[in-house]
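According to Swiss-Prot, the protein has these features:
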- K199: active site (ACT_SITE)
- D43, G44, E45, R102, Q103: ATP binding site (BINDING)
- H136: Mg(2+) 1 binding site (BINDING)
- D176: Mg(2+) 2 binding site (BINDING)
- R201, D225, D229, T230, A231, G232, T233: D-ribose 5-phosphate binding site (BINDING)
Amino acid sequence: MSEQYFDPKLKIFALNSNKPLAEKIADAVGVKLGKTSVDRFSDGEIRINIEESIRGDQVYIIQSTSAPVNDNLMELLIMIDALRRASAKTINVVIPYYGYARQDRKARSREPITAKLVANMLETAGATRILALDLHAAQIQGFFDIPLDHLMGAPLLADYFLNHHLDENAVVVSPDHGGVTRARKLAEFLKAPIAIIDKRRPRANVAEVMNIIGDVKGKRAIMIDDMIDTAGTITLGAQALVDAGATEVYASCTHPVLSGPAIERIEKSPIKKLVVTDSIELPAAKRIDKIEQVSVGQLMGQAIKFIHENKPVSPLFKNRFHNEEN
């Protein structure tokens, strides 16, 4: 554990979605995780008990709303309510992976905006601040009427490629037009050019690669996205890059959702290595040799300390992507 933190009024609790990451975050802060129990009634209802006093404390709850999304979201809402009723001074919700983020707008008639609904529920339950990591859509920050600090996983992914000298003769590739800003920032850090894969998606979770904008021939292609779900986009893109003359293909993302046929597709693809963070806990079956995880524990732990001490989080991104105080 890091040096013990001096303020006894800072408490960190973890729910069930990603306890290994929660331990790393608490260790980075220098505190032990608070005592709480999460059980189920016989009919499946969630029961939470906070096993220590938090009256007047500044509390941080760590919970990714990853699969099973609805269970993890409900756990979080119930925990927030319990903390509010137990007189916590502040309730800071740390969400390494924000579920329902892809439903951030009405793409068709009569569709909900579920990302906004989740924001409403978190606020209504009693959250006073959100600490999020690589939200799928930037506008989700505006769905909240409480403070939200938004961290980025890209600097950690960039560190991996730099430390392994993979930035040499590299081109950073966005798998679609929507990810160009993310790719450009990574490219600036790696001092590499960018390329874009132009694709069409005929239906949900199915992607068709059309063409590549930019020069990838004879280069090491590094693809970056915020999340990989069924891996259709990333694997089709990798094959398109090889067909266009890339010497090798690496892929990276912050959130390894990896549902359905994702692992099989990655195994069969020309991707040499997929670099992801631990925002979502990977079960043993998904920890294949091609996947490398880097931890966001230190990053999020430092953010918690800065927030608790009323300091800007911008030093976490010094000389990288964020240069202004937040």
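All residue numbers here begin at 1 and follow the chain in the order shown.
Backbone N, Cα and C atoms are what each Cβ position is placed from, and that goes for glycine too.
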- Can you tell me the three-state DSSP label for G232 (D-ribose 5-phosphate binding site)? helix
- Query: Want to know which recorded positions, from G44, E45, H136, D176, K199, are within 10 Å of T233 (D-ribose 5-phosphate binding site) at Cα; which are they?
  - Reply: D176, K199
- Here the binding-site residues are D43, G44, D176, and the Cα closest to that of T230 (D-ribose 5-phosphate binding site) is found at D176
- Query: If you draw a 10 Å sphere around the Cβ of K199 (active site), how many other Cβ atoms fall inside it, taking every protein chain shown into account?
  - Reply: 19
- Note on the structure: Among D43, G44, E45, R102, Q103, the record's ATP-binding residues, the widest C-alpha separation in angstrom comes to 30
- Separation of alpha carbons, R102 (ATP binding site) and D229 (D-ribose 5-phosphate binding site) (Å): 11
- What does DSSP call D225 (D-ribose 5-phosphate binding site) in the simple three-state scheme? strand
- argmin Cα dist to the residue listed as 'Mg(2+) 1 binding site' over the binding-site residues D43, R102, Q103, A231 returns R102
- How far is it from Q103 (ATP binding site) to A231 (D-ribose 5-phosphate binding site), counting Cα to Cα, in Å? 19
- Message: Distance check, please: Cα of E45 (ATP binding site) against Cα of D225 (D-ribose 5-phosphate binding site), rounded to an integer number of angstrom.
- Response: 35
- Quick one: Cα separation, G232 (D-ribose 5-phosphate binding site) versus D176 (Mg(2+) 2 binding site), in Å? 12
